[in-house]
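Everything on this sheet refers to the single structure shown next.
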């Protein structure tokens, strides 16, 4: 009930109403406060003068608002009654609850009567402090206003419900605890306020002061006053005038004031108005409930904003730290190159110093020997060796010819770091605000009459709802693993028909599709159940909707559908890895009627997908893939639909395949298109986070074979093993066999196994990988069967 307290306080004094009266505008005032804000008006505006002039008469005459200006336009805080030369301008004050009130123009005459009985000055006017409507009082004065007994009762119940100690009603700021209550004044006083406002002298000396608790009890036990007629104080209200909207007594009806008005029983109108108030409260209660829910939502938003702020700040710090780490790694790489250049320069200069030192020592020895020979006085002996010495001197002099005394290396470092693009990028680093400009597309509808299965392939077709107004930029088709596992994306694109090849025979798959645009994604369509044929069977089956009966729906297969390209069936573990919009892991072949998805879903491996192996012996996953420009080193050059790669640098650079493998047997080949100056390209598999700027196998993230024109080595974590004779030339073929069933990696050159099994106990997620420099160009070939001799050996094993 704390929120109700403002409704129970007088707008003038700011305290609980005491003997409240009801103004014609329906607002309430304490009777004493109403007397305090009375203003005397000129004689010409009195009700008697209006009756004499023949103007309309009513018990309460409102002043013409056009003649009265309560406030100036600038709201200066002063009000005046315009049009009256004798009306003084009265300063406007504020009550404790912020409502402006007008004090009396002159102090009321001293009287010993109670406020209710004290005479009211002639031609008095009262202005409602809440709605600012003014009216002139008649001869009855304030006694002409009805008393609000209901409000008094509500205030009594409210004060009784408060368990706290009674407070003084006259303290201006922080009310102190009341010490006494005056039964005649019906006011609680603290000691300072009692001495100041209720001195024990004069007429107040006869008032009875009681303790606050006793005063509360006496208030509670005092009989409720019966509402009496304002015109006939001895008569109780018994009827209700509908036109005047006020209760009346029998004497009012007998006098004829309401003779032509509709009058109804007081009890009936009481019940009717209670019902109307209850109905109005229902609507208001709904609004209040909505407001409370809205406040809860806002408070939840505050908490979410704080949580999101912390999360966003942590993400921002992590992103900036990642940039700093990347910059530090690049710094280390650049410093390594500088150190390499430094060591190279020092080696060249030191070699030249050593060479010159030896040669200078030889030259000096020859010179000293020649000088000693010149000192000899034996002509015949001198002539025997002079020709040879002369030739040696000329030969030695020629060896110190042009270029011998020129440094082979400069002291300057021919390296210049171009950091301007990076600095510009750092300055341009900013947040991107993504605003939804349009709604998400509608849920796609699967066209069951176009959906079917054929052997171990499934074709699905869908469309946008006919009345959809939001365009879809593409669609995402998802399949589960055939064992009720989680869904994985198998197609992302603009087409509305897709054929998925290479599913397991005699398996049940669930499929669903959703649309997307720049704003977001739509809800999923209904889930369809796809049943593939039994192994060796050749039949076409329609689809089954999960919302329909558990039987195959009799949907016909369109006769114009082109035959599906059927790949060699397999029954090994099939893993799906989520793809991204605009980027597919599959090899798409389109026809006028369908889009085929070959590669047996490529064994895109993701943790948590566990398809049970159905073959009892050896099985292979046939996969189509290409090189991945997104993860490759920036020096790698792509062509031929990302199947051919070379490099722009003399240093080795790494490029990965798009597809990762974690189960099954996989085989691919690479042909050498160009091979100059006997480089050492490397071939093998790697983790996704392998180093891209060194030879494959230098770190612990790659398992590779590097080969030149004569021999090959296996390398992992910079450890070289199993040197094998036999190299590569232009046109050679490198085969890579990853057997994750046996956890081995084997290499082939020109269809012959190169050395023993290269690596064993390999497990996890591996991507095909190659490292090369600008002297090598290779082309990737995928979807190949395993070499026959290995298949036979695996079957025997």
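Glycine is treated like the rest: Cβ placed from N, Cα and C.
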Write down the single range among 485-508, 509-532, 533-556, 557-580 that appears in TrEMBL as region 'Disordered'.
533-556
Coiled coil per TrEMBL - which of 174-230, 231-287, 288-344:
288-344
Can you name the far-off residues of the same chain, 6+ from the ends of the domain 'B box-type' (224-266), with a Cβ under 8 Å from a Cβ of it?
140, 143-147, 149, 153
Mind tallying the domain 'COS' (374-432) by DSSP state, helix then strand then coil?
30 helix, 0 strand, 29 coil
Tell me, what is the mean pLDDT of the coiled coil (288-344)?
91
